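Enquirer: Before anything else, here's the structure in question.
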Amino acid sequence: PKKGQSGLGKSTLVNTLFKSQVSRKSSGWNREEKIPKTVEIKAIGHVIEEGGVKMKLTVIDTPGFGDQINNENCWEPIEKYINEQYEKFLKEEVNIARKKRIPDTRVHCCLYFISPTGHSLRPLDLEFMKHLSKVVNIIPVIAKADTMTLEEKTEFKQRVRKELEVNGIEFYPQKEFDEDLEDKTENDKIRQESMPFAVVGSDKEYQVNGKRVLGRKTPWGIIEVENLNHCEFALLRDFVIRTHLQDLKEVTHNIHYETYRAKRLNDNGGLPPMTVETEENHESNL
Amino acid sequence: MVPEKTRAAQDETSEEQRSGKPPDHEKQYVGFATLPNQVHRKSVKKGFDFTLMVAGESGLGKSTLVNSLFLTDLYKDRKLLNAEERINQTVEIIKHTVDIEEKGVKLKLTIVDTPGFGDAVNNTECWKPITDYIDQQFEQYFRDESGLNRKNIQDNRVHCCLYFISPFGHGLRPVDVEFMKALHEKVNIVPLIAKADCLIPSEIRKLKERIREEIDKFGIKVYQFPECDSDEDEEFKQQDRELKESAPFAVIGSNTVVEAKGQRVRGRLYPWGIVEVENQAHCDFVKLRNMLIRTHMHDLKDVTCDVHYENYRAQCIQQMTSKLTQDNRIESPIPILPLPTPDTETEKLIKMKDEEVSTICACASWMLELESRESLQGCPIEVVLRLPLLCPPVGSWGGGQG
């Protein structure tokens, strides 16, 4: 899912990542759409295919997050949603007659969009990430990075990394889950230099040097989304899709889900949660 | 300046007006056409002052813009707080004053900064310190104006508030709307779209439209540029039209000079190009600067004094006089309306006067009606009203203190 205040380009970025219209842009230009009063959770599923490989992609949007005047606890609906998916999976897992392939609606990755203020993280960002990094893989992303010069970007990223460290926020890839030295070296570099990725998204193409590229056309030049000199979109895409997609799922399953499961079993005195065929259960198992 | 002959000033050119020399043609010239010059000289000697408030979330480039507007560095020693320090931060009001001079004209510029606004997790009523500040300046001016020694009144009233709207949203956010509604009747609000270099032209257009619609929808009264005089030339009128159509201004600020097309310009250097702050095709900075400093600074002050301050003053007086009929003990900051602690004798007097006033008002409206009726029949009537003072003439005036 993607989190961050409205207008940070979340939908555009997700569309760019998966090169398809998987996210309906909450068009700011639609008069009827208002900022929702509470945080909503909107999940849309798509099946995309590449090279014969099919993937069912679910994008979960959180409109309303951080948009109100009083944003206290606005992460709670999100935390609740994530835990509900774990709960669903758990119930299925402990079922006597359980399905071969348990439908997995768990959230594998959360892209958190940081506003490019150039100063530091906002209190809301800290609060959100503190709470949620314990239940889901968070990948912080600096949105609309075309608003910062190279210097400003470097300084901002340094400051953000430091703030996350000082506040004990472990974003993905978490240090403690590095499996071997190879992982550690690779991930260290990403953690300490590349992240958070400063990205720009676009669904429009322009002609640059004879090639068609995705970009944004300004009066002073064209920002090329996939040009590493312009922004780190390509790094983010490679990271999330081409190298760490499977790992994201594994960490979710082996770590976050197990943590949830252990807590639930403990709360229940070491026993699996009751799966009495109640009205609710019956419906959710259908 | 004593003219050699008296002539009328009808066809004088501005050149002649300025020098005060009598024109060469046969006209009656008294010489008061030199008044603008005299005013000019006195004003320049006295110097001007202007108080500008900037508000908006942190990180929207407010400081950079202010520095760019006035070509100065007001924030040298600023320390930026990190996120944790800001969790429980309250909104502060910080004033920076700087004296700048240009071509012999002095300006005492005061920038009122509002760090912390909109930054917390819970921003309920985060505009209250700001409205309080503005009210305090009005109140201070009110007292000074009513005081005995009015020679050197310091005018700290806020003449204009630049409100920075984030370019990262889809329009106004709830906090933007609430802020502007809390302040639009106390100060001239000029909304700006900050950091406009992250938007492409079509996005800017849409965002401006959206913001204008929402300002209308929520009944927010932002500062209106006055109509230009009908005798201005067409070029000026065209500029004025463009100005009005560009609101809210989409601005970019920068204090660094970069090299673009062989020229040194103030701008921002990106890998994909250079944004020039003073290039009107890139942003509305020039429009904002011209409006704020070159054409409308005085109007902003006028509206502050004639509208916002007068509203405040009227409300104040109204509140006090209504309290007068309710409370027994009232504190008044105005020495001219002494409100002694009334005893029963005084209270009776007050009630009597109140009744007199309402009778007279009733009479007056009756007479006005009569007049309109009679005037319809062609007979003019003059209606003269004399209202008694609301203050009872009592011996001790020690009740009210400024």
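The backbone N, Cα and C atoms fix where each Cβ goes, glycine too.
Per TrEMBL, the features are:
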type: DOMAIN; residues: B:46-319; note: domain 'Septin-type G'
type: REGION; residues: B:1-27; note: region 'Disordered'
type: SITE; residues: B:Phe168; note: site 'Important for dimerization'
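I would like each feature placed in context: is it buried or exposed, what are its neighbours, and how far apart are things?
Expert: When secondary structure is read from DSSP and collapsed to three states, B:Phe168 (site 'Important for dimerization') falls in the coil class.
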Enquirer: Tell me the Cβ neighbour count for B:Phe168 (site 'Important for dimerization'), meaning other Cβ atoms within 10 Å of its Cβ, over all protein chains shown.
Expert: 25
Enquirer: On the 0 to 100 scale, where does the mean pLDDT of the domain 'Septin-type G' (B:46-319) fall?
Expert: 88
